[in-house]
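These come from TrEMBL:
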TRANSMEM  A:27-47  transmembrane segment
TRANSMEM  A:88-109  transmembrane segment
TRANSMEM  A:121-140  transmembrane segment
TRANSMEM  A:146-164  transmembrane segment
TRANSMEM  A:176-197  transmembrane segment
TRANSMEM  A:221-237  transmembrane segment
TRANSMEM  A:264-290  transmembrane segment
TRANSMEM  A:305-325  transmembrane segment
TRANSMEM  A:332-353  transmembrane segment
Amino acid sequence: MTEGSISCGIHNESIYDIYHKYTRKKILFIAGLILLIIVLIGVAASIGSANLPLYDVYAALISRFFSFGPESTWTADVVLWKLRFPRIFMAIFAGMALGITGVVMQSVLKNPLADPYMMGIQSAAGFGASLAIIFGTGFLSGGYLIAGNAFLFSLIAVGIIILLSDMKDASAETMILTGIAVMFFFSAMTTFIQYFAEAEAVKSAMFWAVGDLGKTSWDDFYIVIPLLVCCFLFLLWKTWDMNILAAGDETAKSLGIPVRRVRITIMIVSSLLVSGVVCFIGAIGFVGLVSPHICRLIIGGDNQYLLPASGLVGAVLLIVSDTVARTIMSPAIIPVGVITAFIGVPFFIYLIMFRKGEFW
Amino acid sequence: MTLSFEGITLSYGTVPVLHDLSFEFSDAEIVAVVGPNGSGKSSLVKCLNQLVKPQKGSVHLDGECINELHPREIAKKFGYVPQNFMDTFPATVMDTILMGRKPYSNWRSAKEDIVKVAEVMRMLNLEPFALRYHSELSGGQRQKVMIARAFAQESKVLLFDEPTSQLDIKHQLEIMDLVRDTVRMKKILAILVVHDLNLASRYADRIIMMRDGRIQAVGDPKDVLTEENIKAVYDVQSLVMHDGGIPCVVPKQRIEN
């Protein structure tokens, strides 16, 4: 443990300097992740059925956003901006949303296994989408029929969880149990309506439910980016509250936190964030669960740094998974939700079996 | 500084816990609350900083009614050391103690918070553990961290829920010495729920002895810790000896009724 070696030099330095150094390490980790993502954008965009040189990728990016810079070739431009960039950028934002929500739900619910998947948000979105796909009806029409329905039903799921748990004691345990109940309910409902539907419709509903970044269109970003920015800033502001909530309700109350209200607000905001992403790309498991744990192993449990770090690790995981999904059986494209599970499961088992010390 | 509670009545559901209790604390004293399991000692202490809301009754600190205040304001006035600490996720000692500064700031800790925390850590000799995980420490050290966090709250009243129940005798004395020194030095009020009558007798200025949600006896340890009171409250035959004026309780056998 590197912390041990730092604490040896305690006599020469003030606690403030030591703490400062310790936090600087975390900031460096976050900065490193941002760099990694920039590199991954280039690598991911250059790989595919038509391989492009890295230079073309960055040239295309720079020339789009700035008036100067190198001219990019027309084919590269089409391949990149029509096919590859939308899914790569969606991978980044969706990964962030999932990684952030994972951290938030785990600390607010005081449970290392909590993630958006377990809270039934994704299965409710799946049900909403199935309704739209199979019956062609929904609350919004046109291009947003499926996404709108998925979003609405994931909000209904959150509403049920919050209402029921608030009627009792708004404790973490109640929220988790109602979340699991809601998840099973919506899964059963989805199966139920699929049972009576046409084979083709069932197939496309099934495909929707397995997360796929290929559905992304540029218009989606008008919703995803503002939502991500607003929710991220709010949640970042509440990270200290989250640290204290994870130490137990009684402790949190004695430190002046109105536990009930704070837990409910944070749950609503984080659910909103993940619903806003899931409704466009479908359910993607494991990213929300694994990213927080990876980061906790590296930079410790302080949510102020864990929140952005986990968001970035989520983005990295999703870019890598999606690139694998696009290329491994090319020309066939495997839905990214399958790959995150394939990569996530062994990795997660590795963490459980070989982690050092008591981390969660 | 004066702290008092009046007419505190509490029940969990239909189970009555506290019956119309009133009391007045004085300045810079250590008050131990003793009594058998389920007598309502912890509940009483939690009513003081509103961790538990009593159905009836009020708590006044310096003439101000506590019941109506925002939790943040209460946290500035009452430090609280819980019986157990949950470690769902790893937190360093430094971050754990910093939590005590939460009532004073909103988003994140400022430099002055860290300076205050460093001061508390020096006082409790916790500096070498600053960046260790709280869960890796021994029971005595963990309890010290909890106390450090309550100190960092800079409150006038400190509430302890069985602070020494999981410690060996040496660490019990160490923690109690710490509490006593702080109370004397900073002129604050410490209220402790204690199971160990001998520890209460040695350190408390006054003892509140409870039985079935009522106050059975209050006062100086040598007046409260008598064989009669212990028999009435615990149903236990005991021998009370005196060590330089401090009563020492030796439990002998329980009384079947």
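Just so you know, the numbers here start at 1 and follow the chain as drawn.
Placement of Cβ uses the backbone N, Cα and C atoms for every residue, glycine included.
Not measured: the values here are computed from a predicted model.
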If we skip the immediate neighbours and take only residues 6+ beyond the ends of the transmembrane segment (A:305-325), which ones have a Cβ under 8 Å from one of its Cβ atoms?
23, 26-27, 29-30, 33-34, 36-37, 40-41, 43-44, 47, 87-88, 91-100, 102-104, 213, 232, 235-236, 239, 284, 287-288, 290-292, 294-296, 298-299, 333-336, 338-340, 343-344
If you count every Cβ pair below 8 Å, which range out of A:27-47, A:176-197, A:221-237 shares the most with the transmembrane segment (A:88-109)?
A:221-237
Most CB pairs under 8 Å with the transmembrane segment (A:221-237): which of A:27-47, A:121-140, A:146-164, A:176-197, A:264-290?
A:264-290
Residues sitting near the transmembrane segment (A:146-164): Cβ under 8 Å, six or more positions beyond its termini, same chain?
119-129, 131-133, 138-140, 174-175, 178-179, 182, 186, 208, 220, 264, 267-268, 271-272, 274-276, 278-280
